[in-house]
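Taken verbatim from Swiss-Prot:
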SIGNAL    1-29  signal peptide
TOPO_DOM  30-183  topological domain 'Extracellular'
DOMAIN    37-139  domain 'Ig-like V-type'
DISULFID  CYS40-CYS69  disulfide bond
DISULFID  CYS64-CYS124  disulfide bond
CARBOHYD  ASN74  N-linked glycosylation site
DISULFID  CYS78-CYS85  disulfide bond
CARBOHYD  ASN81  N-linked glycosylation site
CARBOHYD  ASN101  N-linked glycosylation site
CARBOHYD  ASN119  N-linked glycosylation site
CARBOHYD  ASN148  N-linked glycosylation site
CARBOHYD  ASN165  N-linked glycosylation site
TRANSMEM  184-204  transmembrane segment
TOPO_DOM  205-306  topological domain 'Cytoplasmic'
Amino acid sequence: MKTVPAMLGTPRLFREFFILHLGLWSILCEKATKRNDEECPVQLTITRNSKQSARTGELFKIQCPVKYCVHRPNVTWCKHNGTICVPLEVSPQLYTSWEENQSVPVFVLHFKPIHLSDNGSYSCSTNFNSQVINSHSVTIHVRERTQNSSEHPLITVSDIPDATNASGPSTMEERPGRTWLLYTLLPLGALLLLLACVCLLCFLKRIQGKEKKPSDLAGRDTNLVDIPASSRTNHQALPSGTGIYDNDPWSSMQDESELTISLQSERNNQGIVYASLNHCVIGRNPRQENNMQEAPTEYASICVRS
């Protein structure tokens, strides 16, 4: 049994027949598409004499509803300058997008944000089957922002029921930034307060330490003076009221000895400021040691401050 290429003669003839079949099929499909497009043309449904108001610094947008059947057309925005509509250049502050979550797809022009120079009339257009279709114009009135901006709310497109106020997201974006700043400043303020308290405590302790050092030194001097004075007083105490001092050789060699004891007590407890004891001893003459015996003389004075 002969195959199809054999029946056609050669493989080259079979390839040409296949290409001809694809060409005829594409022509038929194109005619059907054109027929559908003619039955359902593209429509740009912007209401005539549409007007909108905006304030500088707001996030603003205008919408162009587009009706189509099969293929989404290529739509552009332009701004009227006299009798000419100048196409807009896309930038981060001025860009377009499609919103197809509605019953009618919408081609949107975004102002992020809007300025006084954006004041004017805008329209959208498309090229459909070698024919340019223009929409009605939308006029935007841009005014300076004042302090009491709540008296002049943003006006949206009247012919689109689902249009939203573009100034809302800006406040929502500002609130997280302010909250983050507040959460950052609170711990920083608490840390500074804690550091100030620690520095104040260290300063007070240092002052108290300086005040304690002179009193400690005075106590040490008093103790050092009291110990030899008491021991010496006990050593030189008389055995009886009428007895004579038994002076040691060292004390007898001195013509006159004077011992002064100064005591300084704490300011709030003791009233005695100082006490002095003068002890005068007439030394023995070693040459007349056997013939003469001299009695010592001593006296004490006490001063009390009220």
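Cβ atoms are placed via backbone N, Cα and C, with glycine included.
Owing to the predicted nature of the structure, the values given are computational and were not obtained by experimental measurement.
The number of other CB atoms found within 10 A of the CB of CYS64 (disulfide bond), across every protein chain shown, is 26. Distance between Cα atoms for ASN101 (N-linked glycosylation site) and CYS64 (disulfide bond): 14 Å, as a whole number.
For the domain 'Ig-like V-type' (37-139), the model's pLDDT averages out at 90. In the structure shown, the C-beta of CYS124 has more C-beta neighbours within 10 angstroms than that of any other entry among the disulfide-bonded residues CYS69, CYS78, CYS85, CYS124. Annotated pair ASN81 (N-linked glycosylation site) and CYS124 (disulfide bond), C-alpha to C-alpha distance, rounded: 14 Å. Compared over the glycosylation sites ASN74, ASN81, ASN101, ASN119, the count of CB atoms lying within 10 A of a residue's CB peaks at ASN119. Neighbours of CYS40 (disulfide bond), defined as other CB atoms within 10 A of its CB across all chains, total 12.
When the recorded positions CYS40, CYS64, CYS69, ASN119, CYS124 are ranked by how far their Cα is from the Cα of CYS85 (disulfide bond), CYS124 comes first.
Distance between Cα atoms for CYS64 (disulfide bond) and CYS78 (disulfide bond): 12 Å, as a whole number. Restricting the recorded positions CYS40, CYS69, ASN119 to those with a CA within 10 Å of the CA of CYS78 (disulfide bond) leaves an empty set. Assigned with DSSP, the residues of the domain 'Ig-like V-type' (37-139) fall into helix, strand and coil as follows: 6 helix, 55 strand, 42 coil. Cα of ASN119 (N-linked glycosylation site) to Cα of ASN74 (N-linked glycosylation site): a distance of 25 Å.
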